[in-house]
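**Q** Quick one: this structure, given as structure tokens, is what I'll be asking you about.
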Amino acid sequence: MADAKCATGKCEDKTITYEAVKAIADNILSRIKVKPVIGIICGSGLGSLTEAITNAQNIDYKDIPGFPVSTVPGHAGRLVIGMLEGLPVLAMQGRFHYYEGYPLVKCSLPVRVMKVMGIEYLMVTNAAGGINPTYKVGDIMLIRDHINFVGFSGNSPLRGPNDDRLGPRFPPMTDAYNPALITRALSVAKEMGIPDVVKVGTYCFLGGPNYETIAECKMLHTCGVDAVGMSTAHEVVVAQHCGLKVFAFSLITNKSSLDYEKKEYANHAEVVAVGKSRESTCRELMCRMIKSIAAERGSSGSADCGCTT
Ligand SMILES: O=P(O)(O)O[C@@H]1C[C@H](O)[C@@H](CO)O1
Ligand SMILES: Nc1nc2[nH]cnc2c(=O)[nH]1
């Protein structure tokens, strides 16, 4: 895959060219039977969101030239392409995290591939620690906004030469999480009878892979963070840059410690286990959102949401 050098030639992260993104998009499109409209990124323990996809075709990341491969337990490492609630979708069972060693431009490469394939909506999920003390394990937080701590130092997937075919040099991040989709998700939560479980809040992206100290959690709380994780923000920055409509939610898999008297010890096995225990609810929320988008677009979703618990 051809990588372009940054202007000074000294950038540690190389820019991935439009041509390289298009080559990957064309490779995938040449192997699948539908043209996806919605892209889905499944978070830790949430890969089974894809089980409701019908006429599914699977493509392992390792079989896509130029695509990274997943290295994290709970991230299978394949694309699942097919129909969901009347719309063609492409789902990623496994994402790429900065802590795996990939530069952010590579972590978010699949989002650009989705855009060049013609995808219009990006639905992102993740597992996150609950900083907001009112949140409980198993709650679902609709992401209204994010704090991108990794980006504060200039570490951005948009760093390097900008190709206007992928988006503008200086994209705004206001409404990066589509407000209309959040409003719709709140209605969906009511329909599902889970309004108390579904919150709206701010997600914070830290580099990981360690979980937070208690002092860090206290600081994040002061900063207005509701949930903390190790993904999503860089994907959404790229999605907003290239003009995808984004809907995202965090599954609260553990409570973050804000108090030395009530210590919590986060671990990945627990994160994945909580993901599994909440998979049917998360899947139903996702399916109902897609069904409503299908209805809005005039595509016929199935009469019943095929994902009910
Ligand atoms: O891929 P996500 O953001 O859902 O995964 C979270 C962050 C880490 O990868 C992992 C930590 O348990 O879960
Ligand atoms: N950074 C971070 N990521 C997580 N992913 C799931 N839980 C957590 C957490 O508590 N902190």
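Cβ atoms are placed via backbone N, Cα and C, with glycine included.
All TrEMBL annotations are machine predictions without curation.
Since this is a predicted model, take the numbers as computed values, not measurements.
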**Q** Do you know which of SER187, SER231, SER256 TrEMBL groups with SER44, HIS75, ARG95, PHE96, HIS97, ALA127 in the phosphate site?
**A** SER231
**Q** Cβ within 8 angstroms of the Cβ centroid of SER44, HIS75, ARG95, PHE96, HIS97, ALA127, SER231: which residues besides those meet this for the phosphate site?
**A** GLY43, SER70, VAL72, GLY74, GLY94, ASN126, MET230
**Q** What are the sequence-distant neighbours of SER231 (phosphate binding site), meaning same chain, six or more residues apart, C-beta distance under 8 angstroms?
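**A** Listed in sequence order: GLY43, ARG95, HIS97, ASN126, PHE205.
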**Q** Taking each of HIS75, PHE96, ALA127 in turn, which of these binding-site residues have a Cα lying within 10 angstroms of the Cα of ASN254 (purine D-ribonucleoside binding site)?
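**A** Candidates kept after distance check: ALA127.
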**Q** Report the binding-site residues (ARG95, HIS97, ASN254) that meet this criterion: Cβ distance to the nearest atom of ligand 2 under 6 Å. Use sequence order and write none if nothing qualifies.
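**A** Checking each Cβ against ligand 2, the ones under 6 Å are ASN254.
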**Q** Select, from SER44, ARG95, PHE96, ALA127, SER231, each of the binding-site residues with a Cβ positioned under 6 A from at least one atom of ligand 1; if none does, say none.
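**A** SER44, ARG95, ALA127, SER231, in sequence order.
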**Q** Check each residue in the chain of PHE96 (phosphate binding site) that is at least six apart in sequence and keep those whose C-beta is under 8 Å from its C-beta; list them in sequence order.
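**A** In sequence order, PRO68, SER70, TYR102, LYS106, CYS107, SER108, LEU109, PRO110 meet the Cβ cut-off.
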**Q** For the binding-site residues listed here (SER44, HIS97, ASN254), which one has the lowest count of neighbouring CB atoms within 10 Å of its own CB?
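**A** Lowest Cβ count within 10 Å among the binding-site residues (SER44, HIS97, ASN254) is ASN254.
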